[in-house]
Amino acid sequence: MNRGKSYDDKVFCIADLEANALGRLPRATADYINGGSMLHETLRANNEAYDRYVFVPRYFKDVRKVDTTTVCLGKKVAFPVGISPSAMHSLCHQDAEVATARAAAERGINMILSTYTNTPVDVVAGELGGMALGQQLSKVLDEGINQSIIDNAEAAGASALFVTVDCPWLGRRLGDYRNSFAPPTDMPFPSFPTDVDIHNLSTADQRIAYDADLSWEKVRALKGRTKMQIWLKGILSPIDAAMAVEAGVDGILVSNHGGRQLDGAISTLEALPAIVEAVAGRVPVHIDGGIRRGSDIFKALALGAQHVWLGRTVLWGLAYKGQAGVKLVLDTLYDEFQLVMALNGCATVAEIGPHLLARRHLDGSVVPLLLSREARL
Ligand SMILES: Cc1cc2nc3c(=O)[nH]c(=O)nc-3n(C[C@H](O)[C@H](O)[C@H](O)COP(=O)(O)O)c2cc1C
Ligand SMILES: CCCCC(=O)C(=O)O
């Protein structure tokens, strides 16, 4: 039960944290992290989509105890939240991915490591305290590099490969152009051979250029290249979702890369229901993008996601106070989520469903989801 816990003298919610964290970073770094592509339409839409759903809570339920636990990648997790892959954690804190992994372990949740990690996968795995590790793969032209990322992750005990599908070309991030943003030249990228220059992205070595011809055959072939589960990260279309299931993937992460790739793409929460319907329970469907409050986690689950993942919020925590800052993010969201469950009459995650939501339409009407569904039948 939440009794008004004080987290920190300055941070009581994620919005407080964002304001505090960004001021600690050089401007170009803060813009790289917070920015999206082009005019930030999708970046904004990811957040705003959550505000279009409102709660229709149930009462007369026993919520003296609220169990937030669930299972993700075969591990029992403290709540249905994990850490999405993001590049270069050392931009935010010297302890980089080690700090992030330790906070995930403390809070009892899983983590996905970026291809552009600054910390080797085996080191991160060693800090996760037995929680599940996912390895994100930005598939590049050099198959030897792809295979070494896969092999190192598998050897480190990672349980799933998250293949990012929304980045055949890098999005136009205007803030990065204006700031001439580039990672520091001494920054380590242990996924890549040391003679690959990735610091100046515009002249990047062809070996690490994105594979812009990812096909279903290549997805199927990946299954033969590793014992890890294969997940696709960045699915937005129910057609691709259905084809992914047919290709034998183990799960789908609905994502638009936090609004950093195709500006104008559908928000992830708006994309979710059709994907859940297309997948029809055959594999798990997870989501990221715009999760800033415990209520957002609840809404994503009510619309059919089994689990959500966090991008920028973790980086804000890292910039704010390293491991303790990431822990603060996770504790804040944990307590908010538990309270939202209690106030909606849910004692377990399994009780969360669409009957607890209504959708606010552009004409101002608010329509409970179940009634609107029944009306269509
Ligand atoms: C600074 C930054 C770096 C990212 N790097 C990667 C990456 O290396 N690979 C990837 O698949 N997604 C990457 N993402 C996207 C995240 O995995 C995630 O999809 C997105 O941040 C979720 O949205 P949110 O930030 O609103 O939570 C990155 C996002 C940010 C903000
Ligand atoms: C070259 C690193 C790109 C990482 C990424 O995916 C992002 O910034 O969104």
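Backbone N, Cα and C define each Cβ position, glycine as well.
The structure displayed is predicted, hence computed values, not measured ones.
Feature annotations, courtesy of TrEMBL:
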{"type": "ACT_SITE", "residues": "His257", "note": "active site, proton acceptor"}
{"type": "BINDING", "residues": "Tyr32, Arg173, His257, Arg260", "note": "glyoxylate binding site"}
{"type": "BINDING", "residues": "85-87, Ser114, Gln136, Thr164, Lys233, Ser255, 288-292, 311-312", "note": "FMN binding site"}
{"type": "DOMAIN", "residues": "6-362", "note": "domain 'FMN hydroxy acid dehydrogenase'"}
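Known features from TrEMBL, placed on the structure.
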residue	record	contacts (Cβ under 8 Å, 6+ apart)
Tyr32	glyoxylate binding site	Leu91, Arg173, Gly175, Asp176, Asn179, Phe181
Pro85	FMN binding site	Ile112, Leu113, Ser114, Thr115, Gly134, Gln136, Phe162, Thr164, Lys233
Ala87	FMN binding site	Ser114, Thr115, Tyr116, Thr117
His257	active site, proton acceptor	Thr164, Asp166, Cys167, Gly171, Gly234
Arg260	glyoxylate binding site	Gly35, Gly36, Ser37, Leu43, Gly171, Arg173
Gly290	FMN binding site	Asn46, Asn47, Ala49, Tyr50, Gly258, Ser267, Thr268, Leu269, Asp296
Arg292	FMN binding site	Ile14, Ala15, Asn47, Tyr50, Thr313
DSSP three-state assignment (helix, strand or coil) for Ala87 (FMN binding site): coil
Of Pro85, Ala87, Arg260, Asp288, Arg292, binding-site residues neighbouring ligand 2, Cβ under 6 A: Ala87, Arg260
The residue listed as 'active site, proton acceptor' in three-state DSSP notation: helix
Asp288 (FMN binding site), number of other Cβ atoms within 10 Å: 28
Contacting binding-site residues, sequence order - Pro85, Ala87, Arg173, Asp288, Gly290, Arg312 vs ligand 1, Cβ under 6 Å: Pro85, Ala87, Asp288, Gly290, Arg312
Reduced DSSP assignment, Arg312 (FMN binding site): helix
Which listed residue (Arg173, Lys233, Arg312) has most other Cβ within 10 Å, given these are binding-site residues: Lys233
